[in-house]
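Summarising the annotation, TrEMBL assigns transmembrane segment to 30-48, 96-122, 196-217, 229-249, 283-302, 384-406. Here TrEMBL flags 101-403 as domain 'ABC transmembrane type-1'.
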Amino acid sequence: MSSISDSDDAVRSERSGLAALVFDAKARSLFFQVILAVLIIIAASIAVRNAGANLAEQGREFGFDFFDRPSDIQILTTFGTWLLDYEAGQNTVWDVFLLSIANTLIISVAGVIFATIWGFLLGIFRLSHNFVLNSFATIYIELLRNVPLLLQIFFWTAVLRLVAPGPREEGWLIPGLLNFNSKGIYGPYPLVEEGFNFTLIAFVIACVAAWGFARWARRNQDRTGKQSPVGLVTVALLIGLPTLVFLVTGRPMGIEWPNFVTEGPILRRGFENGIGSYIAPEFFALFLALTTYTAAFIAEIVRAGIQAVPKGQSEAAGALGLPPGLAMRKVILPQAFRVIIPPLTSQYLNLTKNSSLAAAIGYPELVAVFAGTTLNQVGRAIEIIAIVILVYLTISLLTSAFMNWFNNRVKLVER
């Protein structure tokens, strides 16, 4: 009798355990995610197998051995070509792939940084009581948000070509520092000499020291209520220590200035290639278009985030005698970040993906060079498009992960 009751108890406990799993939201979520992942893997394996079989029937190959082929693609001088020292006929398709990723990342990072700064300013202008600033921000946002980005890219490309001097002429963007004409922007190029690595080491040490001082200052303020000059100390460390080491080691750096040829045949006149630094007009036009366009959306996100903060917060800051700028920086924006950051992440992802429109003006990013010219040469459409999708997916996931970490880092903890 006791054995029967024990078995009944075991059955009941097993059923109760299964019921607990069924009604557990986390367990159900994990179960469905595992099932979905298995189905995706099965579908992908079937698709790959069918694609390989169909290509074999057509006498075409399936694989990634094309990365080792030499590349004779003529590519516009950009950050990627400088980074990999690319030269047509001397590098492989793998090098083309890497430089296209480098060009995509540099335009995306530059666009994100400047679009964020400009967008935050526009969002604050949008809420300003100053009629001129408010009107300017309103017109700017409504105009640029409603014009397709591709048209804006074409617009900035045309403006730069019309405003800039001809390819055989010399113009000054910043007198004595930066030249420009319709072929691009030319400036000085640093030539690193022996011993400069000590300056780099000093800069790394300064960064670590500034980070450590900022952490100590935050803890000290929480403990004593006294503020420390974090900004002043950070600037002094980041500039002072590397500069001191640079001077002590004998200034191990030279400057190469662009050379403008004024004599000889007319076709040889102009800025000499390979001397000084160079920024292609395609990069600058794309940078302006992505920055100004994305900033309009960021401005509305910032405006909505600031307006989501209860009005009493700004009134309380004013009652304490805080200036408007300090109140915005210390009281309003920290509370608005929890509303701003999630949609801000979407704009960063959009900017990165919108950089693929650079193919329309010939800027050699991932879609233009790898999914365009390289695809036409090697003919591996499935492999190349799959790689491009994977690259954009990886960039998007890394961006989202960083922004989630940043959101958790700056969000206010309620007590």
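Glycine is treated like the rest: Cβ placed from N, Cα and C.
Just so you know, TrEMBL annotations never went through curation; they're auto-generated.
Given the structure is predicted, the values throughout are model-derived calculations rather than measurements.
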Top partner of the transmembrane segment (384-406) among 96-122, 196-217, 283-302 - counted as Cβ pairs under 8 Å: 96-122
Long-range neighbours of the transmembrane segment (229-249), counting only residues six or more past its ends (CB under 8 A): 195-196, 198-199, 201-203, 205-207, 209-210, 213-214, 217
Close approaches to the transmembrane segment (96-122) from elsewhere in its chain (Cβ under 8 angstroms; 6 or more beyond its ends): 67, 71, 73, 75, 78-81, 83-84, 86, 137, 140-141, 283, 286-287, 290-292, 294-299, 301-302, 344, 347-348, 351-352, 355, 358, 363-366, 368-370, 374, 387, 391, 395
